[in-house]
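Undergrad: Below: one structure in structure tokens.
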Ligand SMILES: NC(=O)c1ccc[n+]([C@@H]2O[C@H](COP(=O)([O-])OP(=O)(O)OC[C@H]3O[C@@H](n4cnc5c(N)ncnc54)[C@H](O)[C@@H]3O)[C@@H](O)[C@H]2O)c1
Ligand SMILES: N[C@@H](CCO)C(=O)O
Ligand code: NA
């Protein structure tokens, strides 16, 4: 348990840094370059006790006496007060962090994959030992977002969190939209710039954003949501035709994480968490978020609408969030307090995607003859889906038909699209995508 130390008894807060790659390297640099200022802000010097990397011989830039390949031993060393984990992945990191917490060390991590599956165990271990668990860098990089959710908005009732939380896919979609650049070359560039995960399929297939959505939903709604509770679709299937269809409607495509508190007709509350590509109007504030930037809207009963924007990936921006957490832990050690614990009292069920209300855009290539529109409209009506707008234009002997719906349960919309694809009069389903935001 943390205790208050008299100023003369305070020794430096000693940090074990696990991982010294894109983010860890920047944390090590800033800890050294800003040592004086960090000590002044924390009220105590913050110093490295050791750095664990996979291959110490590959790091001539780091002090050799600090380097080790044995993270397991480092995390429970008597000399260490705080473990900063920037390795990533679930095992063996989970075991290291549980051992560290059990030994009373506080933990700062950027590891969303681990938190989205095991935060309950980690919080429990932190509570048992009276240690801290901070993870601002795990969602939306440099942007202060988790601290506002955990602390500033703890007195409000959040109803929705929606935004762009993966820098790599936003970088790719922005380039595909603005320059028509190809998917593969843009992904290579995102990896080179240090935005992508070690295995970039975690980014493009939506796993990274789904982990972040689970963390956001858990914090915003005071419940437990894991990555497997989040409906996940990535951007691998987003085509030039989708972007073209969006452009025709004055829209663009973004990969969004959407977490909502939903109340059914009987007043029963649940949460819905999903990640998928979405068409949004170009006038929407999220449409202007380019490159590896992230932006997240939070809607709360009393606060109204808030927006958080900034660099969501990259070494230095992510290190900024890590260092902020490290200063918070050091201050707690000095003052003898603790940061916020897990808040999961609401224990809300997770609503399946099929029952979640969404809106669809469907772009079809159809035969240009009488009665086609009626057949398509009938398919929507048969599934109880109400149409908001229809646009038809002739393309040679075919017609292009674009339908935008009102909200309906996602399963009803999926069934409608499946039925339409089988109609003889439909030559091709050119693009199907969910939509958010009002049309102009
Ligand atoms: N790169 C970003 O923009 C970014 C942003 C936010 C969060 N994150 C998260 O930060 C973490 C680190 O990401 P990164 O981009 O810096 O990764 P990275 O691949 O650049 O670095 C990983 C580091 O971990 C070390 N490592 C791997 N296995 C190890 C082992 N068994 N023992 C000791 N050290 C080991 C490697 O030597 C390397 O130094 C991940 O959880 C990632 O999801 C990254
Ligand atoms: N790979 C992640 C890093 C930031 O969490 C991204 O592209 O957003
Ligand atoms: Na953040």
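Here the Cβ of each residue, glycine as well, is placed from N, Cα and C on the backbone.
Just so you know, TrEMBL annotations never went through curation; they're auto-generated.
Sharing the features that TrEMBL gives for it:
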ACT_SITE  212  active site, proton donor
BINDING   18, 19, 20, 21, 22, 23, 24, 25  NADP(+) binding site
BINDING   112  NADPH binding site
BINDING   197  L-homoserine binding site
DOMAIN    361-434  domain 'ACT'
Undergrad: If you draw a 10 Å sphere on the Cβ of residue 25 (NADP(+) binding site), how many other Cβ atoms land inside?
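TA: Excluding its own Cβ, the number within 10 Å is 22.
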Undergrad: To test your reading of the NADP(+) site: which residues beyond 18, 19, 20, 21, 22, 23, 24, 25, same chain only, put their Cβ within 8 Å of the Cβ centroid of those residues?
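TA: After dropping the recorded site residues, what remains is 17, 26, 27, 28, 53, 86, 87.
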Undergrad: Select, from 18, 20, 24, 197, each of the binding-site residues with a Cβ positioned under 6 A from at least one atom of ligand 2; if none does, say none.
TA: 197
Undergrad: How many Å lie between the Cα of residue 21 (NADP(+) binding site) and the Cα of residue 112 (NADPH binding site)?
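TA: With the alpha carbons as reference points, the distance is 16 Å.
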Undergrad: Work through the recorded positions one by one (112, 197, 212) and name whichever has its CA nearest to the CA of residue 20 (NADP(+) binding site).
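TA: Going through 112, 197, 212 one by one, the Cα closest to that of residue 20 (NADP(+) binding site) is 197.
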Undergrad: Determine the minimum-neighbour residue: among 19, 21, 24, listed as binding-site residues, which Cβ has the fewest other Cβ atoms within 10 angstroms?
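TA: Taking 19, 21, 24 as the binding-site residues, the minimal 10 Å Cβ count falls on 21.
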Undergrad: Check each residue in the chain of residue 212 (active site, proton donor) that is at least six apart in sequence and keep those whose C-beta is under 8 Å from its C-beta; list them in sequence order.
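TA: Correct list: 112, 116, 138, 139, 140, 165, 166, 257.
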Undergrad: If you skip the near sequence neighbours and keep only those at least six away, which residues in the chain come within under 8 angstroms of residue 23 (NADP(+) binding site), Cβ to Cβ?
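TA: Within the chain, residue 23 (NADP(+) binding site) has Cβ neighbours under 8 Å at 86, 110, 137, 315, 318, 319, 322.
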Undergrad: Would you mind sorting out which recorded positions among 21, 25, 212 put a C-beta under 6 angstroms from ligand 1?
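TA: Passing the 6 Å Cβ check against ligand 1: 21.
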Undergrad: To the nearest whole angstrom, state the Cα distance for the pair residue 25 (NADP(+) binding site) and residue 197 (L-homoserine binding site).
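TA: Approximately 15 Å lies between the Cα of residue 25 (NADP(+) binding site) and that of residue 197 (L-homoserine binding site).
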Undergrad: Here's one to test understanding: among the binding-site residues 18, 19, 22, 24, whose C-alpha is closest in space to the C-alpha of residue 197 (L-homoserine binding site)?
TA: 22
Undergrad: Looking only at the domain 'ACT' (361-434), how are its residues distributed among DSSP helix, strand and coil?
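TA: Counting residues per DSSP class in the domain 'ACT' (361-434), I get 24 helix, 35 strand, 15 coil.
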Undergrad: Sort the residue listed as 'NADPH binding site' into helix, strand or coil using the DSSP assignment.
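TA: In three-state terms, the residue listed as 'NADPH binding site' counts as helix.
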Undergrad: Which residues of the same chain, at least 6 positions away in sequence, have a Cβ lying under 8 Å from the Cβ of residue 18 (NADP(+) binding site)?
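TA: In sequence order, 24, 51, 52, 71, 74, 75, 83, 84, 85, 86, 87, 93, 96 meet the Cβ cut-off.
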Undergrad: In three-state terms from DSSP, label residue 23 (NADP(+) binding site) for me.
TA: helix
